[in-house]
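Features of the protein shown, as given by TrEMBL:
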SIGNAL    1-24  signal peptide
DOMAIN    202-379  domain 'L,D-TPase catalytic'
ACT_SITE  His338  active site, proton donor/acceptor
ACT_SITE  Cys357  active site, nucleophile
Amino acid sequence: MPHRLFLGAAFMAAALGGAYPATAATTANASDGMPAASAVARFYEARQQPLWLRSPDAIRTLIDALRTAEVDGLAQGPELAATIERVLGEAQYGIPGADREAERLMSNAYVLHAQALKWPGRATMIYADPSLSPRVPTPAEVLEAAAAAPDLADHVRQTVAVNPIHAALREAAVRDMRLLGTPPRALKASLERSRLLPSEGRFVLVDVASQQLMMIEGGQVVDRMKVVVGKPTMKTPLLAGTLRQVTFNPYWNVPVDLAATNIAQNVLKNGLGWFNARNYEVLSGWDAAATVIDPASVDWKAVAAGTVEARVRQRPGRGNSMGDMKFEFPNDKGIYLHDTPDRQLFSEAERTFSSGCVRLEDAARLGRWLLGREPVAASARPELNVALPTPVPVYLTYLTVRPEADGTLAYAPDVYGLDTGGDALLAAAN
């Protein structure tokens, strides 16, 4: 049943004119399961005026959000909404202290909801740059931001929305919850992952599920392209880091396992002519002082058997697996974005062919967006690093359900099985 909120002039005058000392009304919830109680009490002690009772629109917005907060991981949201409505009704009838109790309840509930939306532990994401990890705000931070907002109702809406992708998926989850009792698992999983994305700023988003990259500014997708991601047996991890440079004329440093299973096997089968024709070289070791050595000096049988490790790399130039440029960001998974000469793979509907790194349909276009100019190398020198004007976050996520520009939802196969038990998340509605 829709709630009704009619704040009479006498009630508003009493509420707005009353002081907010630390009375039993503001501290009574120390044992009612609301950890924000003491912070809320201190907030009103300092403020000495109501926050919510000044804005009926904000109250309606908060109650509506709490009614559906189960999709955000706040299971008690509907109960909180009902309690707030009950106490507001008591205030309408002039029950002493009900106005202050309503204020306390609304602030407590809002703090809990805002914190639930920033809780980092429900969805799996590796933060290679720890500064990108969502931080749960303190109760004081939540309330002070609300008090400083020019429009409290709009502030609540923005808090619940988190970001445009999350807002669209949340709307769909709420609709499905009302129709079906619970949203489909894929939608719940994508909703949780979208919650970890930024609410503002400029960043790169790689959706591993749909194998596409999006360049995002101010909440809007300004460009997108296809990508190739890891095979189901060599999954691209869900990862967040910071891009700081473009590397032109990159070497491809062949992973040790591929040197054994691919390079060594082909050398044994086809000879060193195969190796040299593909522009490979072998280095003497793994440190910066390593030098190029004669591939004929390598025991390729031992490399193939895994008893000797060979450091193999492919020189820049035609056919190099990295293409003309790569975009690295520090992470211990060895994952980066890069150009590729294998253009035919982008015509495939499902593009899960890499060993984990992300191959770009149009690396130059991404480079142009990141650099703010044409991504042209100043020389042919290998591994030419060019710093970005401003570091740009990159998020590798997995959205089997995602919103499209026209407001519809698009679906992608769960190629990694993360929605069906491979990713322990979804505490909210399971």
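Yeah, the Cβs are placed from backbone N, Cα and C, and that goes for glycine too.
Given the structure is predicted, the values throughout are model-derived calculations rather than measurements.
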Within its own chain, what residues at least 6 apart in sequence put their Cβ under 8 Å from the Cβ of the residue listed as 'active site, nucleophile', listed in sequence order?
Gly230, Thr236, Gly334, Ile335, Tyr336, Leu337, His338
Within 10 Å of the Cβ of the residue listed as 'active site, proton donor/acceptor', how many other Cβ atoms can be counted across all chains shown?
22
DSSP secondary structure for His338 (active site, proton donor/acceptor), reduced to helix/strand/coil, please.
strand
Within the predicted model, mean pLDDT of the domain 'L,D-TPase catalytic' (202-379):
96
